[in-house]
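Report on the following structure.
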Amino acid sequence: MQTLKVSDVSLIYPGHHKGAPVTALKGVNLEVKSGDFVVALGASGCGKTTLLNLMAGFMAPSAGQITLGDRPVAGPGAERGVVFQKHALLPWLNVIDNVEFGLKLQGVDARTRRERAVKNLALVGLQDFHKHMIYHLSGGMQQRVGIARALTCDPAMLLMDEPMAALDALTRETVQELLLQIWQQTDKMYFFITHSVEEALFLGSRLIVMSPRPGRITHTYELDFNRRFLAEGNARAIKSSPDFIEMREQILGIIYGDERAGEQEKIHA
């Protein structure tokens with residue numbers, strides 16, 4: 001079992017034009033283990049994406065440490081796949097060549113690349129679109145290609161930064177359900193960022209709520225709505241259930257309370 005640990009991590013940005021430094025994250029502690037689906041929620045500017053970038057190795061913390069297994073995270077690595085809000089696919093390549101691209105950069109042989117790509121395109125329901133060009137696909141299908149590409153490199157962890165933010169409501173629900181089915185079939189660590197409380201509750205096995213800057217984890221919830229969906233198959237019934245609605249209102253109260261507190265701090269600063 002793999003574990004990614006965030007240990008007392010802080011990040012401070014230097015001030016611009018002789019301005020004061022900005023503390024984006026302060027004293028963040030988090031563990032993500034194989035099979036976890038951790039969702040981060042919080043107001044804009046609370047440091048969710050900053051935390052993901054640190055976990056991905058795109059940035060280094062100002063204090064504290066991030067480790068994967070017994071090794072420090074010192075930069076990007078194939079063991080951590082990233083899916084962005086904008087898909088970052090290569091428009092001059094067709095679907096299957098996009099999915100194979102990461103493995104090609106790693107020097108993996110053509111037969112192995114193709115086998116893995118075919119497997120993961122089937123996993124995201126795109127087994128009939130291998131030769132289609134990216135610009136011929138809908139937004140939801142493009143994001144599914146991005147997920148397949150990340151999975152094809154067989155990372156221990158999948159980091160997802162609001163991958164459904166630009167999708168329409170119906171497509172978003174479809175991709176959410178697909179993502180849970182993939183989670184059920186793969187023993188990986190998932191870290192997912194969203195601004196949607198409903199999405200966070202539906203997807204996460206654990207939900208962390210972050211405070212306004214400096215970002216800290218203020219609340220943690222263990223959830224089972226995702227497992228209920230996988231067992232029952234009725235997303236609408238789960239999202240309209242009394243316990244789901246009660247939890248949603250509780251989380252909204254926390255986030256809106258934090259936003260108001262942050263606004264008051266700015267007013268009195």
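Note that Cβ sites are derived from N, Cα and C of the backbone, with glycine treated the same way.
Features of the protein shown, as given by Swiss-Prot:
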type    : residues                               : note
DOMAIN  : 4-237                                  : domain 'ABC transporter'
BINDING : G42, A43, S44, G45, C46, G47, K48, T49 : ATP binding site
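Features per Swiss-Prot, on structure.
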{"residue": "S44", "record": "ATP binding site", "contacts (Cβ under 8 Å, 6+ apart)": "H195"}
{"residue": "G45", "record": "ATP binding site", "contacts (Cβ under 8 Å, 6+ apart)": "P212, R213"}
{"residue": "G47", "record": "ATP binding site", "contacts (Cβ under 8 Å, 6+ apart)": "L11, A24, L25, V28, M210, R213, P214, G215"}
{"residue": "K48", "record": "ATP binding site", "contacts (Cβ under 8 Å, 6+ apart)": "A40, L41, G42, I193, M210, G215"}
{"residue": "T49", "record": "ATP binding site", "contacts (Cβ under 8 Å, 6+ apart)": "D161, I193"}
Seminar exercise, completed: The answer, for which of the binding-site residues A43, C46 has its Cβ ringed by the most other Cβ atoms inside 10 Å, is C46
Exercise. In which DSSP state, out of helix, strand and coil, do we find A43 (ATP binding site)?
Worked result: coil
Exercise. Which residues, in sequence order, are found in the same chain with Cβ within 8 Å of the centroid defined by the Cβ atoms of G42, A43, S44, G45, C46, G47, K48, T49 at the ATP site, excluding those residues themselves?
Worked result: T50, M210, P212, R213, G215
